[in-house]
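Summarising the annotation, TrEMBL assigns domain 'Amino acid transporter transmembrane' to 24-221, 223-369. The transmembrane segment feature in TrEMBL is assigned to 26-48, 54-76, 97-120, 140-160, 172-192, 237-256, 294-315, 321-339, 351-373.
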Amino acid sequence: MAQQLKNEEGATLIPPPKISASRRSAISAAFNFINSIIGSGILGLPYALSQAGLPLGLLFLIIVAFITDYSIILLIKGGNLSGTNSYQALVQSTFGFPGFLVLSALQFLYPFIAMISYNITTGDTLTKVFQRIPGVGPGHILAERHFVILLSTVAFTLPLSLYRNIEKLGKVSLLSMVLTMAILITVIIRAATLGPQIPPTEDAWVFAKANTIQAAGIMSFGDIFENYCKDDNLATFGRFCFGLSIVTTFPLECFVTREVEERKRGTTRSRMGPFVLSNVLCCRELTRAEHAGLTVLIVTACTSMSLAFDCLGVVLELNGVLSATPLIFIIPSACFLKLSPGRWFQGENLIPSILILTGVFVMITGLTMTGLYPQDCSHGVEMFYCADANVSGTVPPA
């Protein structure tokens, strides 16, 4: 029997209820889930809309949302037909071990490239923040994007990525959500105060642009703070929050890159277990030393690529057409069509058939457009309206 506490008058005191471990785990999972879905990616929508054209971009965003929802429904239907309860198990049941290898490669590639884009964004964003510190000029080491990427990796992203239990990142995800709210408030304020002072471009309200297909793969990334001037103090605060939010989101992508659902004796346990390569090659859970070594290897490879390839637009476009498109458009539809009776383009097989053709079209067209018309890379280049002191948002020093 639990010991009862009494006060000085002898009255029994009821101890405060404790939060159970399962409830704490659910709360942490909720924060991680929201951070991985919303996070800082919501700020990249303006870049995708600018590539597609605002009216068509908004329409395209709605269409992509419905396609994603329908793909999840196809995964559930395919799981019911095959008797499986995970993406990996469904693909292996449908297309065998080669299909499982392809899916594992895509599930590794998508968050890995996202990690590269996060490092690029961190380097571009925090260097402008540091240059607002007195004494830190363009030639200072804190203004060097390569140094900032290495510093954030060693000091923050690598230590956080070494956690084996994703529940420990719950507080970090909560911080990222708070930072995202601060960023949104900053953007709303600047939209009201800075927007009316900026002259519109000629194609601002064009219905559609030539880069619509490329915009399909980048509906979740980009850097809106490239539109603000360096001497804008409010934008500097927003950049700081944005950079820190990117840093706190990075470990979640590392978890996805490194770890997948573990299958054992025909059942799937939804737990963060072995690394993709260990699941494919070793089929066992990693030791602590192996876990640390693989984490360092992944982060090192990601950091090296982000230092070598600094064009964020190209990175995001390739990730969209090479990874996101087959994961969302092609594979769920292909699994359902192979398991479902009936012929293609008939009955309930009509929409999955159209999605496969759409996915193949997006991949081929997107790769072609990225190769023929790559996006320009501009690091630290001021917008044309920043030369006006009234537009920059900050009164220049006397």
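Keep in mind that glycine also has a Cβ here, set from the backbone N, Cα and C atoms.
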Ranked first among 54-76, 172-192, 237-256, 321-339, 351-373 for CB pairs under 8 angstroms with the transmembrane segment (140-160): 237-256
Among 54-76, 97-120, 172-192, 237-256, 321-339, stretch most in contact with the transmembrane segment (294-315) (C-beta, under 8 angstroms): 97-120
Tertiary contacts of the transmembrane segment (237-256), as residues 6+ beyond its ends and Cβ separation under 8 Å: 32, 35-36, 39-40, 43, 107, 111-112, 114-115, 118-119, 121-122, 125-126, 128-129, 152, 156-157, 160-161, 163, 166, 169, 172-173, 175-176, 179-180, 182-183, 186-187, 190, 223, 225, 228, 272, 295, 298-299
Per-state residue totals over the domain 'Amino acid transporter transmembrane' (223-369) - DSSP helix, strand, coil: 109 helix, 8 strand, 30 coil
